[in-house]
């Protein structure tokens, strides 16, 4: 929900609650104290390994290629030929690096384990054309799209609408932006009930028990603003399983080495040679398109890892040195006192 994320301002912070203390404790543990990096193969930091010289030589060759040569090489290797020049360079470099490190890892018997599933979330929330600073956004669409990282496919999705309580009447601007009608939210259930069903859906997939998973969002607002605000309004404890996530904008910018201005949803799609599929600002369609970007990045060799967490009610960066951890098993949301 990009336009809301740009135009809204954070609400004034309230006094520290029991929930905030839990968030702070969680953030302190995950974002500050976990400074040990997981081993990879070859050993991280050991650049004396000959494999790195081979990678450097391959990178130099790729840097000297023009766009036509890059596309021809991608086609020869049966890689995606779509995207701008910088994306094609990164795709080839990642391919050669992955191939060489894979052989090294196999030789050493040490192969990394990543998330089995990534769950993409992109909420839609109430909004005005010019939101006042103290405007309280309420979630009105709760979508999730599940990516299987082994098959690199979208395997399932969840979508429910939510009845707003504080501002039950949608603005004309909100209806036009999201396509969600007043009738739709009037007939929907409250956030607490919808969250319960979302948790049941996640549990049915055995996420956090049998399979390792994490969440992914387009920016910091979905978890750091919309979900946090909604949980307070609904008197629900912020769910433990949603306290860390992948901000794909950061991952995309860092991986493809592009400025922040090129990490908006439409820009990311276009740079990867794709077009938006569906209706912009439909939460489910947005989530599906974000998932397409994530799959493309995984194919290009990006290691999508958690890079943000909730700390005292605010989103905070997770250092790259933190170990790769899956989200905990989802639990039924509890009411706050």
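Placement of Cβ uses the backbone N, Cα and C atoms for every residue, glycine included.
Noted in TrEMBL for the protein shown:
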COMPBIAS  1-15  compositional bias 'Polar residues'
DOMAIN    62-96  domain 'SAP'
DOMAIN    117-303  domain 'Exonuclease'
REGION    1-50  region 'Disordered'
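Within the domain 'SAP' (62-96), the DSSP-based counts of helix, strand and coil residues read 24 helix, 0 strand, 11 coil. Under 8 Å from some Cβ of the domain 'SAP' (62-96) lie the Cβ atoms of residues 55, 255-258, 271-274, 296, 299-302, all in the same chain and six or more residues away from its ends.
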